Amino acid sequence: MTTLIISDLHLDPLRPVVTELFLRFLREQVSGADAIYILGDLFEVWIGDDMPSEVADRVAAALRTHADAGTPLYFMPGNRDFLVGADYAARAGFRILPDPCVVDLYGEPTVLLHGDLLCTDDIAYQAFRAQTRDPEFIAQFLTQTLSARLAFAQQARLASHAHQSGLKQEDDCTQFEKVTDVVPADVAAMFACYGVNRMIHGHTHRPALHTLQVAERTCTRVVLGDWYQQGSVLCVDADGLVLEQLLLPG
């Protein structure tokens, strides 16, 4: 049996081909899985569970089919969809996980996280994250009208794009690569904090398997891939794990 782990789909009405790939994945490759974990950024934007979205409706229905069939579904919010709440979770049939958290995968304790917590060189983003994850901010934000929330999300996205464009112009993208990737010291600190030998995260869109030494322990960090030019899924079973790519339709 296999556990399937994905992240960074960034589902958006403007990229319907990715939505179709994900729905096909759910139809054809999920039946019989031990569990499915979605580690954030399932959606490109989420401004509250009352947000009208045909894409979100189709995804919820497809996920619910597997939940009703007995497959455990888990969702960890990302930086794009951290406002996914209990109402949508109930519709889709998944359990919302804290970021980070430790799960047992076939006898191997594994720390799961979206991954943005490890990108501490991006000081501007970490400040924005701290502000927008504050419970008081969230409660106040969700009382605003849909149009006001959408305007805030659009402004935040434009600011993010401008920030990243500025980084790319410095030192031939060297600064961009550094700031948007994880900080090794933070990775080591998280391994030390949780006392596990395996970590799985997304966010950076740099799929790979990394091996490192932490306090004389050999640890593995698995980085999930995004769903832009292809799909990406991590398959984990009792024998190990493998990162697989899914081809876009057409």
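Placed from the backbone N, Cα and C atoms, the Cβ positions cover glycine too.
Summary of the site annotation: Swiss-Prot records Mn(2+) 1 binding at D8, H10, H205. Screening the candidates D34, D41, D181, D186 against this entry identifies D41 as the one listed for that site. According to Swiss-Prot, the residue from H66, H114 that belongs to the Mn(2+) 2 site alongside D41, N79, H203 is H114. Other residues of the chain with a Cβ within 8 Å of the Cβ centroid of D8, H10, D41, H205, the Mn(2+) 1 site, are S7, L9, G40, G78, R80, G202, H203, D226, W227, Y228. N79 (Mn(2+) 2 binding site) sits 6 Å from D41 (Mn(2+) 1 binding site), counting Cα to Cα. Taking the mean position of the Cβ atoms of D41, N79, H114, H203 as the Mn(2+) 2 site, the remaining residues of that chain whose Cβ falls within 8 Å of it are S7, D8, L39, G40, G78, R80, G115, D116, G202. Highest local Cβ density among the binding-site residues D8, D41, D122 belongs to D41, counted as other Cβ atoms within 10 Å over all protein chains shown. Sorted by the number of other CB atoms within 10 A, the binding-site residues H10, R80, H114 start with H10, the lowest.
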